Amino acid sequence: MAATVYRPATAPIADAPCEGLVCLELEDGSAYQGYSFGAPKSIAGELVFQTGMVGYPESVTDPSYRGQILVITFPLVGNYGVPSRETVDDLLKDLPAHFESNQIHIAGLVTASYAGEDFSHFLATSSLGTWLKEQGIPAMYGVDTRALTKRIREKGSMLGRMLLQKEDLAVSAPSLGVPGDWKPHFETIEWVNPNEKNLVAEVSIKEPKLYKPDEATALKHPSGRNLRILCLDVGMKYNQLRCFIKRGVEVLVCPWDYDFSKEEYDGLFISNGPGDPKVMDTTVEHISAALQKNNTPIFGICLGHQLLARAAGAKTVKLKFGNRGHNIPCTSMVTGKCHITSQNHGYAVDATTLPTGWQELFINANDGSNEGIMHVDRPHFSVQFHPESTPGPRDTEFLFDVFIQTVAKCTTDNTLLQKGVEFPGGTTEENERLHPRVDVKKVLVLGSGGLSIGQAGEFDYSGSQAIKALKEEGIYTVLINPNIATIQTSKGLADKVYFLPVNAEFVRKVIKYEQPDAIYCTFGGQTALSVGIQLKDEFEALGVKVLGTPIDTIITTEDRELFARSMESIGEKCAKSASASSVEEALNAVKDIGYPVIVRAAYALGGLGSGFANNEAELVDLCNKALAASPQVLVERSMKGWKEIEYEVVRDAQDNCITVCNMENFDPLGIHTGDSIVVAPSQTLSDEDYNMLRTTAVNVIRHLGVVGECNIQYALNPFSREYCIIEVNARLSRSSALASKATGYPLAFIAAKLGLGIPLKEIKNTVTKVTCACFEPSLDYVVVKMPRWDLKKFTRVSTQLGSSMKSVGEVMSIGRTFEEAIQKAIRAIDFHNLGFSESKGALMSVDDELQTPSDQRLFAIANAMHAGYTVDRIWELTKIDKWFLSKLKGLSNFAKDMTKLTANDVVGRPDLLLRAKQLGFCDRQLANFWDSNELAIRRMRLEAGITPFVKQIDTVAAEFPAFTNYLYLTYNASEHDVSFEDRGVMVLGSGVYRIGSSVEFDWCSVRAIRTLRESGFKTIMVNYNPETVSTDYDEADKLYFENINLETVLDVYQMEDATGVLGAMGGQTPNNIALPLLRAGVRVLGTSPEMIDTAENRYKFSRMLDRIGVDQPTWKELTSFDEAKAFCQKVSYPVLVRPSYVLSGAAMNTVYSEADLESYLQQAADVSPEHPVVITKYIENAKEIEMDAVAKDGKVVGHFISEHVENAGVHSGDATLILPPQDLEQTTIQRIEEATRKIGAALNVTGPFNIQFIAKDNDIKVIECNVRASRSFPFVSKVMGVDLIEMATKAIMGLPFVEYPAIDRPSGGVGVKVPQFSFSRLSGADPVLGVEMASTGEVASFGVDKYEAYLKALMSTGFKVPKKNILLSIGSYKDKKEMLPSVAKLSQMGYKLFATAGTADFLQEHDIPVQFLEVLAKEDDQKSEYSLTQHLANNMIDLYINLPSNNRYRRPANYISKGYQTRRMAVDYQIPLVTNVKNAKILVEAIARYRDMEIGERDYQTSHTPLQLSGQVNFTLQDSLSRPHSFKKAHVLSVEQYTRADLHLLFTVAEEMRLSVQRGNVMDILKGRMLATLFYEPSTRTSASFEAAMKRLGGEVISIATQHSSVQKGETLQDTLRTLACYADAIVLRHPDETCVDVAKKYSPVPVVNAGNGSREHPTQAFLDLFTVREELGTVQGLTFTFVGDLRYGRPVHSLVYLLRHYSGVKVQLVSPKGLELPTDVRQQLVKAGQLLCESETLTPEILGKTDVLYCTRVQKERFPSEAEYEKVKGSYRIDNQTLKHAKSKMAIMHPLPRNEEIAEEVDFDQRAAYFRQMRYGLYCRMALLALVMSG
């Protein structure tokens, strides 16, 4: 079998000259091709891999790598260039400062990708390639280094050779490599095994040389000379020398074979080095002699350790593939502590051969191999790892101190030479005694409550992990978390869940009630921490132990002053700052801090009054402004433009520390890290930068005493190594959720275990199952996190980003290159983003946008690059690191080049397509460049064999096998990591959290996955949101951390050969691609996507509701302002304006007047230009009701009804829900259930669905129906104790389940769900409720009645029950009247009431005591006792009830009203605010009833259970077939017979037919009936579809072949018809003569259906064409039809044109060759109807751009008098992807078929191509026609 050859796995560097290919051949015959970037020569050596993520300059100069070909597993190499070779070391004087020796020692370098000349670091003087060429070292990139690592891991270290491409043999497309027989193209050389040589002799010093320390620090011998270490150089790294010299000893470095017995020295050190210790007999003899003499202490490292062991008499062994990395855990046998070490070796000491007197000092925590030895009673020891690091962590550098101290002591006290070395850190026994396991039986975990900005789904993930960890340890867990939408509050996780506020009062109550032993405050974000801080002094008295990080540590990290002092005490620095209350004080403060500074007004919200000052003048100016707004200013050192770097650090109770992940913000300091793009691991830090910050992080966490996990953020000056600590979060944070997902290391799970006192080294790594958790993950991919903002939902919120967080969600993407990862992330944020390319959106000026970043920043960079800005110019404006900008510039340039090509240019260039995919461009983006469409590009790609590879995330960069299936897709690879045998069910997750789609859908996805797994199905999860539980690697059998779009889902589906795709659980994101998936041949599980489309397209849905007799509010679609105006006058204001297909009411608005209408239309039309705007009559004061249901095959099998507290008009996502409903009348409930049954049946739902109703005076109307799981599913499932998602999943998969199961909850009792808003985070947003959704989360609680439940739920959102003062401002008279009894109640309860002018008058008239407050301007301060603003600002008000009148549920207009100002003040000063009258009433009643709340079980509760649904839907086929209508027993000869009502009936029946066929129902409507088909012209489709239609209806068919019939004998048509009428009940006739219809009408006794009379008409084709348009586009009205081709003889066109006259707003464009125009009488028909828009002989882009339906016809040879005339026009029009680039993205391409050349085959793959679906619609239509004509 031929060995495998792999083509290059990544794209070549753009704009760099190609240096030729290199082929890396392995001993086993496999060959990897890549691009050369080092010296142009071939070499051979031993292949080894190294898993460190930084430190390539140090690694390649490490003598231990002599003769080896080094494979770096981290894919991005060369990012920070190479520092100067000339700079000399301060300590070592004549040696280079930045390297480990004076030359590169590796034989060759292999990497996945390479930065080229786009490196970025202040010390860099050249690229890595330049340096390698200087030194004559070959290098290659473009290799799938992960695949290579796995090969070495499985086979062991092997020989390899890097072979250069021969100069004279050029390769046409280097990126495709040289397939097949590659050898002739490359040079050949012999294999070389470096281990057979004496490598040490090559790298050791040639003559002894003495290095002296600085006299000031020199350590002295008792005799007065310097202490001297003799170093045996067997390949020493310079850093070992640096470690000695800086500690004040002099070092005599001697060659490897030097006999040092005559030298005078105080300690012997044996260095590291390359090769096999077996060949070093001379050195071993010399060391042996020193051991015998025992004159001095001895210390060895790496090879030195092996040589010392051999000298003592032990043996060494070759390891399979060596340990080469920076993350290897070694446990000390003395102290029991585990250290993270840097290693590089292929041999180890065999500990079983150690002679008497020697013992193991360190062992490898992963595989138990030896890592160090020591003599029991002599000062000799050695270690296998590198305590001097470089590259790698510096955690064991203390061993140099141990050695030097031992040497110093032995020079003063000889007897110590008879004792072993003393190591610091105590003994294992002492350490275990000091930090025992915490013994607890019951633990209380605090959750984070409702999701808000800054505290979102990541706490569901981390809390769930923590509970999992506690359960694994057998501990009983109690959780307090009112967030009912989360997985952690589901059954089966915590033993007990309290849906109560996470505040001090309720936590105290729960502790008293439950009496837990311990509490965790670190898994619930800031909410839980604050409670811990408030209760810290009570915990002991309550008998509760705080687990994990001590509360005092948390207080230190939360308080800036304390934290700064604490850091100062260990010599670390924070950002310098000082407060000042005058300009003079500020000027003094600056003397210490230094310019530039940032000035902020203290106590001002949202960064008001802050700015940067570079000099005194600017400072004075800023201070004057800030002091006007605030009594105090904070002056801080400005680090604008510094890099922001984060580390996640973990520490256990025994003081073992690791850093799990480091992250670099793409945006420099100044933007909140939650609003920054974050890249992990860091890309532009060198080894020294990385480990300087890592060491600091470890020191800080140790000093603070954190136990568990903590996050530390730094600012790093990009032009020096100056850094300062910004903050430490001593709890699980957003970053830690990201780090867990980025690395696969389950931080929260581990942190929960550490809090119990379990040490890290005793916890297994769940991914590899063989290594321990005390290690630092190695990544061989790059991760990009990107925030998602929804600022458009709020008026008056600035989109500028700064130090306060505004994003509501985030996405994470994974790739093998930065380009691939960032493009994926951009697409994940929003469906409309295609990737990094210029966007036409309305941005402010590019320069402003770059300087003052907003949520549009990345697009501004793309636009700037497109406009020709250089990287340097953009860097000046943004200070984003040039490395990132260069990568983006590469994408921008590539995109520019691609737009010059078309799809045809690319067809023969698979290398271009491959390169585009490797750079992360998606098919949609390429289609955009090449004027094609997504599916055509996909087809081209599949034909070229270009598909993504699946890679695993395993925490160890492939060093060990992984047992998880945590996967991502990449094109930068050459093989898959996994096999595809499962055929699992794909579940699509929720995607990015945003307003309207949040953690509820994650709950639904996870419940679906768990149900599938419990039922024995293999599962595949697809999601890209790092905050979710569904992206936890142990939830599904396979997790693809990938985007949910058509391309990716199809790729995964086809690779996995999945059983089906379940999209109903993830909210709107998966629903949007359901129909395209179905059309691409995917098995979509659950309700048919065509039915989903029926529910989401308002025309189809509305027609369906009319058909089944369910009411809906009056609405109309809108194309012009005048139409809209007329409609609004007809139905009367108010009305609701909204675009179709939106999530959570984007740009929906209630409109109260014509002026409003005009301004809103503009706004709504912008939202989604492809979908028209719709106006609906808005019903005031109606109740809104939510129905959540599950159906199977259209039959409802379970449902729950919840009622909204607020009236309709508040978005359902912002409404307060009550379950079971308390105020609904039985008749209303019955009507709702009846309507639900009808809708479920009409849509043939299988799975979950949700309907929103409004009810007024018992009349119900449907607002909308979502055929998917909805936001309220978790709430209703948990309140009622029936998991609707489990039921829905079983229904979808055809598993058995119980319909309407018994409800599992205490009798009585009410659940209330309340929205959680984040207005306080969004400076400027108006906190009123409207039709646009504004809440970011939800909470729920239970109570005896709705009042108790509501109050608890409200308190869960942070609401504080008022103590004394309540302020009222009520707008409308109606609200004043409605509120009066409630206000009276407040007064009776003893509250002091304040009110604004109108409200105060009204209340005084009704004898309610109230104090009047006025909204005063700033200058009227003297009247402060009447000033409302003063009362709010001084926190004198405990509750503000502000019921605005004019805005009536809509976002306010642009003037700033006083009401808005006071509402905003309430939010800014954290005063509870109520803005809805219904909320205000229920709140007052709740306060009156429940001043004090006790907790306990709910023993008694409400009285009625949901009604069982029964009975059938009343509308049936029989019903419409039995009514009188025009088709019954009648001929169907011409379309002119029919009215719009007839068509409506026909299509309604066709819909029913379609449902029946899809359900697989057997129909017998025409059983016993007979149809004859009589075709005098050829026909496949028409005859076959009539035959199929008849048979599906249960009838029989006689088909007459006219060429074999009596016609041949001269029988007339009338005789044939009469004859057939004797046998059949109806006849389908096609005849070349136009007059045949008259004959039929005159002579046939049974109905005749015209299937084409000459070139005149084809009615049934026209019917099915119209039906197709309705189904594809929702409606026929208002569409533009373009007919192309032979219009003269195209009979379907003639019929269709006649039918179009029934529809308003239709326009027609005619395109035909000369001589084939539409017949005059048909054309007249169009002119008369006013429908003719234009006529043309060419299909121009303008015509195409207006087209909604493109109807093509065949130029028919049989219609022409001569062959010549036919040939002249036959190829006039051809529709292909190139033509379609001008077409709308939502339109339909139709053709009556068969086709010749009119439509290219490539178009078949376009979603818009409807012609094959047209045939299917034709079947339903003809079934309907036959049923109507022949039944009854």
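The backbone N, Cα and C atoms fix where each Cβ goes, and this holds for glycine too.
CYS302 (active site, nucleophile) carries neither a helix nor a strand DSSP state and counts as coil. The active site, nucleophile annotation in Swiss-Prot covers CYS302, and the record cites sequence analysis as its basis.
The Cβ of HIS386 (active site, for GATase activity) has 26 other Cβ atoms within 10 Å, all protein chains considered. The feature active site, for GATase activity is assigned by Swiss-Prot to HIS386 (among others), with sequence analysis given as support.
Long-range Cβ neighbours of GLU388 (active site, for GATase activity) (same chain, at least 6 residues apart, Cβ-Cβ under 8 Å): LYS237, ASN239, GLN240, ARG242, CYS243, ILE301, GLU397, PHE400. The active site, for GATase activity annotation in Swiss-Prot covers GLU388 (among others).
Residues 219, 221-222, 227, 229, 244, 247-249, 266-267, 269, 294-297, 299, 332-337, 374-381, 475-478, 514-518, 545, 547, 653-654, 755-759 of the same chain lie 6+ residues outside the region 'Linker' (401-442) yet bring a C-beta within less than 8 angstroms of a C-beta in it. What Swiss-Prot records for 401-442 (among others) is region 'Linker'.
Residues annotated as domain 'ATP-grasp 1' in Swiss-Prot: 564-756.
According to Swiss-Prot, the feature Mn(2+) 4 binding site maps to GLU1264, ASN1266, an assignment based on sequence analysis. Reduced to three states, the DSSP call for ASN1266 (Mn(2+) 4 binding site) is strand. The Cβ of ASN1266 (Mn(2+) 4 binding site) has 20 other Cβ atoms within 10 Å, all protein chains considered.
Per Swiss-Prot, the feature domain 'MGS-like' maps to 1359-1507. Confidence in the domain 'MGS-like' (1359-1507), given as mean pLDDT, stands at 79.
The region 'Linker' feature in Swiss-Prot is assigned to 1485-1528 (among others); the stated evidence is similarity to another entry.
If you take the CA of CYS302 (active site, nucleophile) and look 10 A around it, the recorded positions you hit from HIS386, GLU1264, ASN1266 are HIS386. Counting only same-chain residues six or more apart in sequence, the Cβ atoms lying under 8 angstroms from the Cβ of GLU1264 (Mn(2+) 4 binding site) belong to ILE1251, GLN1252. Every protein chain shown contributes to the tally, and the Cβ of CYS302 (active site, nucleophile) ends up with 31 other Cβ atoms within 10 Å. Residue pair HIS386 (active site, for GATase activity) / ASN1266 (Mn(2+) 4 binding site) shows a Cα separation of 61 Å.
In the three-state DSSP scheme, GLU388 (active site, for GATase activity) falls into the coil class.
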